[in-house]
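Enquirer: Please see the structure below; I have some questions.
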């Protein structure tokens with residue numbers, strides 16, 4: 001063998017190259033040389049001659065650990081070394097490289113980072129830090145659950161306070177879902193660009209501010225606007241919460257603990273039901289300022305319902321940003337410090353404070369987006385902000401389109417169908433159940449109606465309550481109706497002559513085909529629309545009441561609070577079972593099985609002809625369907641990469657809210673007409689969605705990309 005190939009200096013140079021380290025090494029609190037045997041992938045450029053200097057050699061050591069010359073095998077020829085060094089010359093600047101090449105390099109980096117990050121999270125362990133974040137994000141999810149229920153609970157009281165028509169009530173019920181749909185897409189997309197923590201704070205702040213404001217406004221229009229913006233804020237929290245928490249969980253913990261987190265949505269429903277039951281019936285829990293401003297008990301309830309959101313907002317200020325997101329945008333040092341904080345917090349809680357965080361350098365993906373710094377001297381302040389906002393929304397829109405590219409299109413479309421069918425059935429039925437129970441109550445109420453025919457009353461003073469009565473072909477002359485209430489009263493083909501109505505309030509009371517002669521109405525709420533095909537001769541309306549003034553305590557439907565409370569409580573067993581089995585049987589079987597069992601529960605609704613039967617089937621349906629919701633949340637998080645995760649979740653959750661709007665509208669329109677259409681529609685949607693879900697890829701063994 002040529003002596004040039006046995007040159008000790010060449011080997012020595014390779015040995016020195018092996019001792020060159022990365023720039024980062026944490027040891028004893030300082031960054032020092034990085035030991036290459038820690039088991040993690042190292043980013044950055046290695047010395048150009050390192051690979052060339054390493055070869056298949058026989059190396060020996062004497063007793064003093066000095067290297068001695070051995071037999072070297074496979075050492076490359078010097079010309080080959082020069083050729084490789086030439087290839088390792090400084091790369092072409094990124095701006096001159098093809099974007100496809102940059103994206104390919106970034107995807108390779110992301111795959112390496114995904115596996116390294118999984119190892120790092122396992123080293124950090126699962127302990128105090130994750131449980132603290134669990135409760136902070138749980139409060140945010142609880143606020144989302146409260147938002148869904150709050151309008152339904154206040155409607156019976158708000159409709160009297162604001163004198164709402166049926167169309168007004170319907171719009172108020174749907175406006176929250178509309179806001180949540182827009183918020184999920186918009187704020188979910190922003191979370192992939194601005195950060196999980198920052199966007200979640202924005203989301204919760206919007207919800208808290210406008211929920212608080214809505215409890216004080218008096219007009220219907222302003223109240224509607226506040227609930228819309230409040231829904232927009234809380235709608236953005238759901239995709240962010242799941243993306244945020246998943247990035248602190250290892251693969252073996254992710255399915256179970258994301259399912260436990262879902263339990264807070266149910267807790268939000270229980271909280272809202274309990275607060276409504278304990279606050280709204282107490283009509284005296286409020287105050288008035290003159291005759292125009294009233295703060296009734298239902299407004300106190302709205303105020304209390306904003307507390308989980310405010311608590312989460314305050315606690316979130318003490319939590320860090322997602323390190324996975326920071327690595328995605330190239331902020332290595334910030335991510336490293338947060339991961340070290342997670343590690344040290346968990347180790348101290350386990351009684352092992354001496355355990356050292358061994359990670360020194362983490363791979364950061366190739367940064368492809370171009371960031372242009374706008375100088376303060378460039379244009380006016382609003383022009384600079386306009387450029388930033390436009391650029392950000394352009395990036396969000398690009399993320400939305402990316403979810404429909406060939407790589408993710410099929411998964412996105414299948415998930416969209418499953419989310420939509422689940423929402424259409426679930427939200428449609430949870431509105432249909434209370435409406436059906438109310439309809440059954442109304443039927444029972446109407447069966448007890450009292451009918452008076454051809455009664456003649458003269459010179460009599462009515463000063464008591466008339467309820468659930470029909471008066472036909474009656475004659476009332478020189479009668480006085482003073483300080484009284486009409487509830488569900490109808491006067492048909494009757495005569496009122498020289499009568500006097502003063503300080504009268506009414507609910508669902510109408511005069512039909514009546515003749516009213518020389519009668520005075522003073523300070524009443526008997527408005528024009530309550531006189532149907534009536535002849536008014538020489539009659540006078542003076543000082544009509546403004547708004548509605550019924551006794552709310554009597555009109556509140558306590559059974560509706562009980563139904564919602566039991567429905568939320570019935571979710572608990574299903575939530576526990578799904579959390580324990582999520583990582584054992586997989587996400588796909590959980591979704592398909594849960595949706596098919598829910599479809600069977602829907603079918604048996606044909607046999608629910610009483611209030612108790614409807615309540616029982618509602619509880620069974622809610623308990624069976626929660627497993628599908630939990631598995632959908634988990635699989636949506638796992639199917640998309642970090643820089644698209646919240647965007648994809650936001651799109652699918654926005655579609656879910658659109659399904660909720662359709663479900664509410666369609667199912668409510670059939671109440672009192674037929675049960676066949678709602679039951680068949682819900683069952684068919686659940687079966688179709690459940691079977692399609694079985695074609696989705698299983699993700700329980702997958703690392704977060």
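Yeah, the Cβs are placed from backbone N, Cα and C, and that goes for glycine too.
According to TrEMBL, the protein carries these features:
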- 1-11: compositional bias 'Polar residues' (COMPBIAS)
- 43-52: compositional bias 'Basic and acidic residues' (COMPBIAS)
- 133-700: domain 'Major facilitator superfamily (MFS) profile' (DOMAIN)
- 1-93: region 'Disordered' (REGION)
- 131-154: transmembrane segment (TRANSMEM)
- 174-192: transmembrane segment (TRANSMEM)
- 199-216: transmembrane segment (TRANSMEM)
- 222-246: transmembrane segment (TRANSMEM)
- 258-280: transmembrane segment (TRANSMEM)
- 300-319: transmembrane segment (TRANSMEM)
- 413-433: transmembrane segment (TRANSMEM)
- 558-581: transmembrane segment (TRANSMEM)
- 588-608: transmembrane segment (TRANSMEM)
- 614-635: transmembrane segment (TRANSMEM)
- 647-670: transmembrane segment (TRANSMEM)
- 676-696: transmembrane segment (TRANSMEM)
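On this model, are these features tucked inside or out on the surface, and what's nearby?
Expert: With a threshold of 8 Å between CB atoms, the same-chain residues lying at least 6 positions outside the transmembrane segment (174-192) that come near it are 147-148, 151, 199-200, 202-203, 224, 227-240, 243, 325, 392, 396-397, 399-400, 427, 642-647, 649-651, 653-658, 660-661, 664-665.
Residues of the same chain lying 6 or more positions beyond the ends of the transmembrane segment (258-280) and with a Cβ under 8 Å from any Cβ of it are 134, 137-139, 141-150, 153-154, 157, 241-242, 245-246, 249, 297-298, 300-301, 304-305, 308, 552, 556, 558, 561-562, 564-565, 567-569, 571-572, 575, 578-579, 582, 626, 629-631, 633-634, 637.
Nonlocal intrachain contacts for the transmembrane segment (588-608), taken as residues 6+ away from its ends with a CB within less than 8 angstroms of a stretch CB, comprise 418, 421-422, 425-426, 429, 574, 578, 581-582, 614, 616-617, 620-621, 624-628, 630-632, 635, 675-676, 679, 682-683, 686-687, 689-691, 693-694, 696-698.
Sequence-distant neighbours of the transmembrane segment (676-696) (same chain, 6+ residues past either end, Cβ-Cβ under 8 Å): 411, 414-415, 417-418, 420-422, 424-425, 428-429, 432, 587-589, 591-596, 598-599, 602-603, 605-606, 628, 635, 639, 666-667, 670.
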Enquirer: Name the range, of those listed as 131-154, 199-216, 222-246, 614-635, that has the largest tally of Cβ pairs under 8 Å with the transmembrane segment (300-319).
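Expert: It is 131-154, which has the most Cβ pairs under 8 Å.
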Enquirer: Using Cβ atoms and a strict cutoff of less than 8 Å, what residues sit near the transmembrane segment (614-635) while being 6 or more residues removed from its termini?
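Expert: Answer is 242, 254-255, 258-259, 262, 266, 415, 418-419, 422, 425-426, 429-430, 433, 436-437, 440, 563, 566-575, 577-579, 582, 587-588, 590-591, 593-595, 597-598, 601-602, 604-605, 608, 690, 693, 696, 699.
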Enquirer: Average pLDDT across the domain 'Major facilitator superfamily (MFS) profile' (133-700)?
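Expert: 82, rounded to a whole number.
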